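Worksheet: the structure to be examined is printed underneath.
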Amino acid sequence: MQETREEEGRGRGPQASGKSKWESEPRPQHISYSIASTKHSMASQQQRLEAWEYHPSDEDPRLEHKFSPNRPIPSDRLEDLGVLNWKIDVDADLQNNPVLEKIKLSRGYKSWDTVTVAPGQLDNYEEKIKQFFQEHLHPYDESRLILDGSGYWDIRGFDSQWIRFRVERGDMIVLPPGMYHRFTLDTNNYIKAMLLFTETPTRIDVMRPFGDDLQVRKDYISSVLRNGPPNNNGINPL
């Protein structure tokens, strides 16, 4: 999920400066791929997300898309794929939230902004929500704290099937760079999120298959997908 900010410079970290740039094409850069530093140092604050194997159909993407019976995916599998998540008390003062501050420090987040995705609250809403649901990756991690509302992220599993997980108020998630994913609202048609960045906020969406040859995608494959999940029981991840 990516979009422009509600207010220029709002919530900017102390080390960020200048006006934000929003781009449709990747710029030359080297992004280091690292999950372990935060995953292990902050394990005690992590929570369990509800996840399941996505049932593909022509139904509204905002529906749950569960098989019958449901095919749940353990939260450990999301972690194996590089997804990080925490529960944050968004009713408290976020400027002084100890868990959020630890995450910012550990992951190097220097700037943050907010976006509301809802009919009447986002310019070109119909166009943007379709764009969010196109499969894409980023050359940086996707870090979101849900301030209100709810929605779904879909990510590719080790055997390339779609895995869907739900987020709601207080959930914070990080998707690693190079991971193909997509986002949709649920039937409530409303979500408000804080977007966190390690540098000046920049929009870089690379649609599949154009991201396949990027170094960040190759790094994700070699670091995460190549060997499959622990005890993969014969799963061929590629």
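Quick reminder: no glycine exception, Cβ is built from N, Cα and C everywhere.
For the Fe(2+) site, TrEMBL gives H136, H138, E142; the one candidate out of H65, H181 that the record lists there too is H181.
Around H181 (Fe(2+) binding site), the C-beta neighbours below 8 angstroms that are at least 6 residues distant in the chain are E135, H136, L137, E142, W153, D154, I155, R156, L175.
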